[in-house]
Amino acid sequence: MPLGIFFMTLSAHSSGQCAGIPHHTPANLGMCYSGELCEVDEDECAAGPCQHGGPCLQRSDPALYGGAQAALPGAFSFRHAAGFLCRCPPGFEGDDCSVDVDECASRPCLGGGSCQDLPNGFRCHCPSGYTGLTCQEEVDECRSEPCLHGGTCDDITAGYTCRCLEDWGGHDCSVQLTGCQGHTCPLAATCIPTFESGVHGYVCRCPPGTHGPACGQNTTFSMVAGNPVRVSVPAGGPLGLALRFRTTLPAGALATRTDTQYSLELELALAAATLQATLWSHGNAVLVLRLPDLALNDGHWHRVEVTLRLEVLELRLWHEGCPAQLCVASSSVPQAPAASPATPPAGFRSVQLGGADFAGCLQDVHVDGHLLLPEDLGENVLLGCKRHEQCQPLSCAHGGACVDLWTHFHCDCPRPYSGPTCADEVPAATFGLGGALSSASFPVPQLPGPNLTVSFLLRTREPAGLLLQLADDSAAVLTVFLSKGQIRADVPGGPALVLPGPWDDGLRRLVTLSFGSEQLQGSGLQVHVGGRRLPADAQPWGGPFRGCLQDLRLNGLHLPFFPLPLGNASQPRELGSRQAWNLTAGCVSEDMCRPNPCLNGGTCLVTWNDFHCTCPANFTGPTCAQQLWCPGQPCLPPATCEEVPDGFVCELPVLPEGCRLNVTCPCEGGPQGANCSCQEDFAGQRCQLSCEANPCLNGGTCRVAAGASECVCGARFSGQFCEVVKDLPRPLPFPLLEVAVPAACACLLLLLLGLLSGILAARKRRQSEGTYSPSQQEVAGARLEMDSVLKVPPEERLI
């Protein structure tokens, strides 16, 4: 092939890398090809440029491009065919695999372990107490149960500690303690044996609240709210607070330790009746520890401790409600303050005991390990802890809850009561008494807050009526009304709020309605209560309200229906301006007993817009209209009387199984039970029917026939035992006593009138009716004398 043709062909394949180069200089040809015509592909991998065994790939090898498993990306091109590529083995990187990857750069070793870089890996050298590939596992030294004689093992890093039972000590509780043998402690102190550095000893532990060689110094003192005590303590000990406290207040600072050199404060306080420790740095809360809610304001003594040591803040509480009677909360301090070195700097630090809100007692107060005695605290403390229970059984009236505030008490009063002892009641108002049209109106220039809560006490027996309406001059903003015994609240443009009932049961109930800022807006409003000035304006919401409203509030703003007594500071803030029409003070009932609804001599009692009838013994029902028959005991023993709709029935008790008691009868077992052969005058499956006791009632006659007994009843009775009364006489439609007495008086009057008429008639016949009696005067012819049968008065006697 001619040289020119070969050159042109090579030029096309090499894409100009070698072709066209002036004079074919060797320097240019050495970039990828060699030879006079650039026909020789130089092997850049021949010198073994890839270290650590990495394979070398020539970029000028077309076989390495294309395909699913191509070694080099893209398509082959002479323009990019110069050079080589090293595939580095794991653990190495770089153009020629000369760089060893540092697997320790990511700090894979935990627990303080040191990392050793290896080719394509690392090795962790774990400290004592840790194991695993990355030292991630803490060795549990307690797994082997090293503590003896009942001691409890606590696993710690690279070791363990044993909490030994009494009289045992040593690292493994293997040494019996004898330090208290032959030694006595002062009165009330407890001897505690010790074992340190192989030597037995003892310490005398004083009871809480005492100190000194003979436990004769008192460490208990009382504090009053608003009178904190600030003292200085020497520096140098471990940073922390330890004390015992007693209070009934739910919140307040117990102690605050201040370090001005490092602008640190360590505060121990009660928050919502639970213990809280806060670390402050330059006025900012760095860390807050909080223990579970155990209601520590119960008036009992509680021991607490908070320490800042080795960048860790730890809070401890000894309490019977904690696991193992010890609650612990701890956390590392972020960006640890400089005030927690192993050796604190010399100087002085201050501590404040109590604060603006704390009142109670403290004892055994230790600040950085230094005990504070009451005599060193100044005049704001009282020695000892004398206290009287503030809440007595009757401290708060009307069911108010008494809250002991250490030096006084406070009553949480149920509405509508208020005052220091819940003795004051917000006056109620009666609307519509006697049919009067009642209403009240209050101007509200501005709603009291973005969110509104409307609350009041309600008592009514009416199922419908307007309760309350907020309106401006043009339209209503909020309408609260009764409908079918339910309370509805309508807000224009929003869904109606419904409180299911019944609210019309006559009981006093608290109503609370809450609305968001997006629901209610407006100013210059009027609050209309119980209706509107014109009755027709309330008709769309059931008409004017009838019943009682009490203690109406908009948020904390009180809307009184009547002026409150002057100087009553216990009442909530009130809206003074008001207009009221026909309101009656108090919750007054209508007179529901006029006219008397109780029949048959029943007594009517008013029960607030309702009545109750106390009926005679033989009547019942809401109005004593139903007659009772059983109180008259119409049934003879052993029958019992039971009321039925049309009268009464007499029922006999069911007899026991087997043959009748006190009756001799042979019984044999059968498929259906005992078969009894009854004697004369007895019948029934169990010989339970007898005419000897005459079970027939109301004068019925008993007879035994065909193995059964039956009763022959009188004309007015029926039933198996003549227990049913037939054709009971209906009660008279009029009171019998009120008719019988006048009738008897009339009869007596007629009888007296008849007797008087008979006497007058007898007097008229006295001369013609008598007895003839001749006398000596008659014989002598002197005179004739007639004696009347009836005695004649002397002045009318005939001579």
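The backbone N, Cα and C atoms fix where each Cβ goes, glycine too.
As the structure is a computational prediction, the values presented were derived from the model and not from experiment.
For Cys422, the partner cysteine in a disulfide bond according to TrEMBL, taken from Cys402, Cys413, is Cys413. Same-chain residues lying 6+ beyond the ends of the domain 'EGF-like' (176-216) with a Cβ under 8 Å from its Cβ atoms: 167-170, 244, 301, 303, 363-364, 371, 373. Within its own chain, Cys97 (disulfide bond) has Cys50, Gln51, His52, Gly54, Cys86, Cys88, Pro89 as residues 6 or more apart in sequence whose C-beta sits under 8 angstroms from its own. Note on proximity: of the disulfide-bonded residues Cys126, Cys164, Cys173, the one nearest Cys413 (disulfide bond) is Cys164, by Cα distance. Here Cys206 (disulfide bond) is compared against the disulfide-bonded residues Cys164, Cys173, Cys615, Cys713, Cys722, and the shortest C-alpha distance is to Cys164. Here the C-alpha separation of Cys624 (disulfide bond) and Cys173 (disulfide bond) works out to 86 Å. Proximity of Cys173 (disulfide bond) to non-local residues of its own chain (separation of 6 or more, Cβ distance below 8 Å) is seen for Cys147, Leu148, His149, Gly150, Gly151, Cys162, Cys164, Leu165, given in sequence order.
If you draw a 10 Å sphere around the CB of Cys624 (disulfide bond), it holds 21 other CB atoms from the protein chains shown.
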